Amino acid sequence: MDRNAAERRIAQLCAEIRRHDHLYYVLDRPEITDAEFDLLYRELVQLEQEHPELVTPDSPTRRVGGAPLDKFEQVTHRIPMLSLENAFTDGDIAEFDARVKRVLGLSATEEIAYVCEPKMDGLAVELVYENGSLAVGSTRGDGFVGENVTQNLKTVKSIPLRLECAHPPALLEVRGEVYLPLEAFQRLNVQREEDGEPPFANPRNAAAGSIRQLDPRIAARRPLAIFCYAPGEVRGAAFASQTEFLDTMRQWGLPVNPLVRRVTGVEGVLSFYREMTDRRDTLPYEIDGVVVKVDSFSLQRELGEKSRSPRWAVAVKFPPRQAVTVIEDIVPSVGRTGVITPTANLRPVEVSGVTVSRATLHNWEEMERKDIRIGDTVVIERAGDVIPAVVRVLTEKRAGSERFLPIPAACPECGSEVVKIPDEVAVRCMGLSCPAQIRESIIHFASRNAMDMEGLGEKYIEQLLRLGLVGNVADLYTLTRDDFMKFDRMGDKLAENLLNAIEASKRRELSRFIFALGIRHVGEHTARLLATAFGSIDNLARATEAELLSIREIGPQVARSITTFFHNEGNRETIRRMVEAGVEPTVEEKKVGGRFTGKTFVFTGALTRFSRSEAQKMVENEGGHAAGSVSKKTDYVVAGAEAGSKLDKARQLGVTVLTEDGFLQMLEGEQ
Ligand code: IVH
């Protein structure tokens, strides 16, 4: 390919890859399969290798480019990154609102428009876009001077390296919070334990620890994400309000939290705060409160700042997720993969509405590092549904009678040999039929996020095991009413319910089934990726390592773990028995690989054969995308009667125009 053609193709590929990254990481609405994406990416890598002079710094291949640094350079923020004043009670919120009104000279009855945002518990950063390209990314530091962590921030896939905007402003500084989703945090800690590294106490530390690494490959391996929430200095664009600013950021391809809401007055703020308090435990990331901002930028300017915080915003904090309590005992417990984890039995303590009586101590190395002993007074922290962890020991509270629990000589459940594998911090029970491993794998299989066998919890599963009615997960599907009636205190109705719950689980989504199998390193997120990519358990079982690796987000370790799992004859037999018993996982709606994959449709004019939302559904079911306005990216415009400007624009741009019937024919595959 000559240089000119290469240059054009590179520009095309960059644009396409950027668009697909945005669809995948920001909008969660992929239009092509990972394999198709991979082809584009590899073509770009190849062309850039042939023409290194054509590589631009914002090329998608430059996400992980740099060599490890010796140290971070300092970056002075053009506008200091302020912090926020905290509020804790409804009264504090009312007081904040009253003060805003007082300073603005408003009467008590006039209401202020506020923007309410979840307060992300991560690491504050600033992204600097010069003429639309990401030039510098830095940490907040002390608010005035931060560290230049550009290389690491470039690895955050949802941060665009170039703004999606035809005429970008000369300068856009945008602030946001980098965070690690909870599921990734849990997975990372499991991984770290296996790699012999200390786990992170909370997702905030994990995010900060990843961004403050000198070697960018480390951040690249972690699925960090960002939500943008405030402007720094901006030249060549202007925003009248926080709402307009956030909307524009969204349009330009920067992630903005979808929960953000514009409300009116104290009442609006309170109801948002209550709603977030309720939803806190179900969000896939950690938040520690809500941030309330006066929407209008001119009112913000009028209100001004105090020395370190603005008068136009306040952080309403949730009750802390930390508490102080005493470790009454430490018990080794065996997990479903045989790993023996020291677990602390705590004097029960309430942590943000939940009574906590256990915490994970992860492993013995970690216990030694933090010098955690039975009888210690400790600070514990819980994040979302993640098992609480011990943050630190309050050594000043020691009485001298505290004692350290050594690694057990034998498995506390089956007495088998216990082995500490070199290079792993984990201590493992080597018993192949260790009852604890079997119990844990069945509990996991039946649990809410897996096969969701309602009512079939730990207690019943233990009875099933004790009575010898189950030996592995496939046996659950052979249980009869008589089996359950052997339980203590079991009635007809309850037995019926349990059987129904097992029956209902036969038609769970494929992703749940994959997750339920308990394959090492395959959490819920990975299970979803696998379900979408392979569409059936048979296909997944047959997948080669290379095929698995072609899926974005799946690395060699996960790929190997999956193939090892399916090569195991025992596992294959268990799956076969379940399928024979009628387990038939359902397949999620096809997002990719449909007839319209990668195609954008615009519907306009009066539609008579279907409604606009039906049309949108039809397009999405086939992997396409329905947009509101016509642009160069539009593939088809479907025009009903009296179509106006959108139809004109389509003709002007040479976009294919279809009638409703034409569209339906295409949907049926007749065109
Ligand atoms: S606005 C001047 N919005 O909270 C206003 N901050 O205590 C600057 N944070 O350092 C911050 N989510 O790390 C803002 N939606 C949000 C936020 C948020 C989290 C953090 C940020 C900041 C700290 C202030």
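Placement of Cβ uses the backbone N, Cα and C atoms for every residue, glycine included.
Bear in mind that TrEMBL entries carry predicted annotations, made automatically and left uncurated.
What TrEMBL records for this protein:
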type	residues	note
ACT_SITE	Lys119	active site, N6-AMP-lysine intermediate
BINDING	Asp34, Ala35, Glu36, Phe37, Asp38, Ser83, Leu84, Glu117, Arg140, Glu177, Lys293, Lys317	NAD(+) binding site
BINDING	Cys411, Cys414, Cys434	Zn(2+) binding site
DOMAIN	591-671	domain 'BRCT'
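Projection of TrEMBL feature records onto the structure.
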residue	record	Cβ contacts under 8 Å, 6 or more apart
Asp34	NAD(+) binding site	Ala533, Ser550, Ile551, Arg552
Glu36	NAD(+) binding site	Gly598
Asp38	NAD(+) binding site	Ser550, Arg552
Leu84	NAD(+) binding site	Val291, Ser309, Pro310, Ala313, Val314, Ala315
Lys119	active site, N6-AMP-lysine intermediate	Ile287, Asp288, Gly289, Val290, Val291, Ala315, Val316, Lys317
Arg140	NAD(+) binding site	Met81, Leu123, Ala124, Val125, Glu126, Gly146
Lys293	NAD(+) binding site	Tyr114, Val115, Cys116, Glu117, Gln242, Gln300, Trp312, Ala313
Cys411	Zn(2+) binding site	Val334, Ile340, Glu417, Val418, Cys429, Met430, Gly431, Cys434, Ala436
Cys414	Zn(2+) binding site	Cys429, Gly431, Ser433, Cys434, Pro435, Ala436
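Here the domain 'BRCT' (591-671) returns a mean pLDDT of 82 for the predicted model. The 6 Å Cβ screen around ligand 1 retains nothing from the binding-site residues Glu36, Asp38, Lys293, Cys411, Cys414, Cys434. Per DSSP, the secondary structure of the domain 'BRCT' (591-671) breaks down as 28 helix, 17 strand, 36 coil.
DSSP assigns Lys293 (NAD(+) binding site) to a strand in the three-state reduction. Annotated Zn(2+) site Cys411, Cys414, Cys434; additional same-chain residues within 8 Å of its Cβ mean position, judged by their own Cβ, are Val334, Gly338, Pro412, Glu413, Gly415, Ser416, Cys429, Gly431, Pro435, Ala436, Gln437. Cβ-based neighbour count (10 Å, all protein chains) for Cys434 (Zn(2+) binding site) stands at 20.
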